[in-house]
Amino acid sequence: MATGMPTNISRAEERKLLANEAFKAHKYYQAIDLYTQAIEANSENAVYWANRSFAHTKLEEYGSAIQDATKAIEIDPKYSKGYYRRGAAYLGLGKFKEALKDFQQVKKLCPNDPDAAKKLKECEKAVMKLKFEEAIAVPRSEKCSITESIDYHAIGTSPGSSFVSLKVIAVPAAVALLAVLAVYVGTKAAIVVAATAMTTILVVWGTFWKGRCKDNIFTKTRTLDLDVEPQYAGARIEGDVVTLDFVKRMMDDFKNQKCLHKRYAYQIVLQTRKMLQALPSLVDINVPNGKHFTVCGDVHGQFYDLLNIFELNGLPSEENPYLFNGDFVDRGSFSVEVILTLFAFKCMSPSAIYLSRGNHESKSMNKIYGFEGEVRSKLSDAFVELFAEVFCCLPLAHVINEKVFVVHGGLFSVDGVKLSDIREIDRFCEPPEEGLMCELLWSDPQPQLGRGPSKRGVGLSFGADVTKRFLQDNGLDLVVRSHEVKNDGYEIEHDGKLMTVFSAPNYCDQMGNKGAFIQFEAPELKPKIVTYSAVIFSDELQSTP
């Protein structure tokens, strides 16, 4: 080797330092490339593998992160960061039992590490909750819908008023009264009589409730139609019709950090659920000649960027229809505002806006990435279950004019899948970990031909040949999908036959990417891409152009 030429080890360290700087600047793709160069120069350094694992985690490429962290552990079984990185990746996938084992190992290697102790406690709590949920789980066929107990007309007498019908409240109230009387009278005989009466009432009531719920014949009797509190100054729905004026007022309230009354939130979500339930798993969209149609990608709770889309492209209407291609919630701080806005437009005019399910429209993702906690804080626990039910009603894919296939994630692990197969998917459930539904929500394109393992750890990666065969088999011209951050807000791959569109600029307030949406005009349906930067808003949450 010539004098002064860096050795492989020194070159590897040089690449690592550059990668660390790229990581600090949130340039994770660049960091991964530089860590890869370090690994190529010296593949026996566990730090390089663990660092690249961390960069993959930042890009939500949890499958790749797990592989790299596992390699770091193989090189150095006592390297605590290897276990920590792998545990964090398992957490990102909601695999709490696997994560627990890794954080137990971290705690063993670094007993005084407070962060490791915190992660371990988080995993232990999650695993305990999973075991409890498994123990009380009921078969899907016997599970009652939360909508059976919701009557939004009965909400309004006070901010904390119940949404449960008076019949349901009456029995526990009677039991409570008997208990009070027993204590008040104080005699042994009175207590025995009251206890017997309470037991009888609860048994009969419980049997009645369970039977009617199981048989799905429980119906709410509208005993009251209460006025919303006079002190409520926000947007109001008059009757059962969601109007454009209401939606505009609601968005303006959200823009100024005001809440929507729960009565109207229930009304919007319940009406949306009813509409979505009636749709097939694959929805056909017809765009008349001379008319246009807009497809948006992930929004991820970035409400002010959603408002910016409408500012740039107009509000949804029958003359200006949209398809939002999944991942409406999680990550961003305003997921409740985003989902209520999209649902309200759906209620206002079903043909003005189409909604497709993303991988983040699921219980497991919402629990980890913020939507569940936000719903509990801004609305109530009941809304958590209600949104979970509605998300299971969302269609899985759309076809525009029999030419453009639009799906959140990607294509399949097998050839020969027809549009009819997608239409027949029973989507009314939480996403499975394999199969057509899983792959529609999770898969990603790859530059190589053929198929490969998913960098996310769920779904798969598929090449241009897979895309070409799917389009040919179904007489289609183009696949449009979302699911991935792109620096320019979009990317065209697979010989122009596949487009990714991502509509959340500066994702997670750190990625620095642009957002984009795609406009199609019939009959050619030639895609026109519009990109934009993230909206800046002040402490008062006022959006700026």
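A Cβ is built for glycine as well, from the same backbone N, Cα and C atoms used for every other residue.
Under the heading active site, proton donor/acceptor, TrEMBL lists His360. Annotated domain 'Serine/threonine specific protein phosphatases' per TrEMBL: 260-536, in sequence order. For 46-79, 80-113, the entry in TrEMBL reads repeat 'TPR'. According to TrEMBL, the feature transmembrane segment maps to 164-184, 190-209.
Packing against the repeat 'TPR' (46-79) from elsewhere in the chain are residues 12, 16, 19-20, 23, 26, 28-29, 31-32, 35-36, 38-39, 85-86, 88-90, 92-93, 109, 453-458, 485: each is 6 or more residues past its ends and has a CB under 8 Å from a CB in it.
Counting only residues at least six positions away in the same chain, the Cβ atoms of His300, Gly326, Asp327, Phe328, Val329, Asp330, Arg331, Asn366, Tyr369, Phe371 sit under 8 Å from the Cβ of His360 (active site, proton donor/acceptor). Counting residues of the repeat 'TPR' (46-79) by DSSP class, helix then strand then coil, yields 27 helix, 0 strand, 7 coil.
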